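Data first, discussion second: the structure below is written as structure tokens.
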């Protein structure tokens, strides 16, 4: 798809990423908490949309969202059972891991080169790509590095063939090699793809569309998605390969290849979830050799062993959800199960339990607080809650209205508990740092509440400066990554967290993408300000369709910048932590793939929960 000119946006690029947490002046008056036990006024100061209002038991007329209740029956979650915790499955997995390590090692020069020098490069790349896409790569990190070091030692400006002694370069091997090496931090240039153009500077194909050619173009498509800013050849590769693959789907029979193409065209890279891809890939993976069969068997056994862990974690999350009274909050979205599913689709190492549960809880907070601040709460209640959070004092819970008390204590207890969990890894108390991250988040919410109350529509830049904070991506990322097992000194943490460009890119991307999916529903609830409406305000005469088109073009370009911030060489930040933050960005991007996947569980989201959490894979 061709890129769109975004000339009106160029002038705001410099301010787009400057001082993201420098808030504009707002009324700083804090309610007197000593007097807060007095009866609260029954008159809200937020404007009410007549189409989305309801009278609560307290007599206050409030705006409410049109949300459905929890889609997942608690009894169903409590009754989840699995036999894959049995020692026999763990033992089988260990046996398969050793067999596959032997296969990796058999490709080494020191072992006599049991594979041909005409295919040795592609065989190594195929093995690395296979274990990664099947979701079992955590067992083979040393083997992966050894294989890629070998491939890189034969990398040339014109690409590679299938083997080190191949006479000609090969698109499939080169595209797969380029993608895999770049993702693993090797310094490879996209200029290598120029060698697969014709004399007119165009990517070409034979027209026959053999399976080998199709797979080559498929890997070209995969490679094109990890483009850096300014890489024109990657844009051209994406356009060419997308058109080619869509055309191929119309010609080839339904097969494992067609299913693979459909999946990759659908989810690409920035909306792909590794566990979902693994679930798809094990269904279409070839099993013609004993080693291919062992790869698939290990993937399935590991999938189901992890499924047994998911069961326990999901049951724990449900108990937490009930303990703090969230089921009684009928005005808000109940999508904690979905958030846990998303987390377990990107963090598949059993050791990352704190990350998965932490992300699910933080995301649930962001959702509930969004519904309170944007829709349900009165200005007086919001000021009380904000002041109480900033004081970080549980005794102040008595000052809050009933529906806020459980939310306050859930935030207070969970943030404190996660700080203790992080201290085991970081060797220092991070609570104060985390609290400082929460404060601008609530300040941003208060600004939006005042916009809603007064009917004020800000400029696009004013809106973005504030709303990229209120989106809450920093809240959902910060504490989970502190539990990952990698010590992050303060100066390193700030290269992932605020004030890094990496953090800001994620915040801006998700706000822009989310608004293109949510702005109509938000407007119906009385929330006029969105990137779409504010952009239209700044550009009189522009239609909604044009505004969305231009914002999507912004997102497309910003994704390239995010690729660079993630993969740029000579970075001090552990790639595992940066990748975890990037994966959280992919989670939210995935939810906005077709529509607002967080306003209500979509068919796609429900299928995701069933396919990756509730149902084991048949062995």
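Including glycine, each Cβ sits where the backbone N, Cα and C put it.
Taken straight from Swiss-Prot:
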{"type": "BINDING", "residues": "370, 374", "note": "Mg(2+) 2 binding site"}
{"type": "BINDING", "residues": "370, 374", "note": "Mg(2+) 1 binding site"}
{"type": "BINDING", "residues": "522", "note": "Mg(2+) 3 binding site"}
{"type": "MOTIF", "residues": "370-374", "note": "motif 'DDXXD motif'"}
{"type": "TRANSIT", "residues": "1-47", "note": "transit peptide"}
Intrachain neighbours beyond the motif 'DDXXD motif' (370-374), with Cβ under 8 angstroms and 6 or more residues off its ends: 65, 67, 331-333, 382, 385, 404, 407, 445-446, 448-449, 452, 470, 472, 522, 525, 527
Cα distance (Å, whole number) from residue 522 (Mg(2+) 3 binding site) to residue 370 (Mg(2+) 2 binding site): 11
Integer Å distance between the CA atoms belonging to residue 522 (Mg(2+) 3 binding site) and residue 374 (Mg(2+) 2 binding site): 9
Around the Cβ of residue 370 (Mg(2+) 2 binding site), the count of other Cβ atoms that are within 10 Å: 19
Residue counts (helix, strand, coil, in that order) that DSSP gives for the motif 'DDXXD motif' (370-374): 5 helix, 0 strand, 0 coil
CB within-chain contacts under 8 A for residue 522 (Mg(2+) 3 binding site), separation at least 6: 374, 528, 530
Residue 522 (Mg(2+) 3 binding site) - helix vs strand vs coil (DSSP): helix
C-beta crowding around residue 374 (Mg(2+) 2 binding site), within 10 angstroms: 23
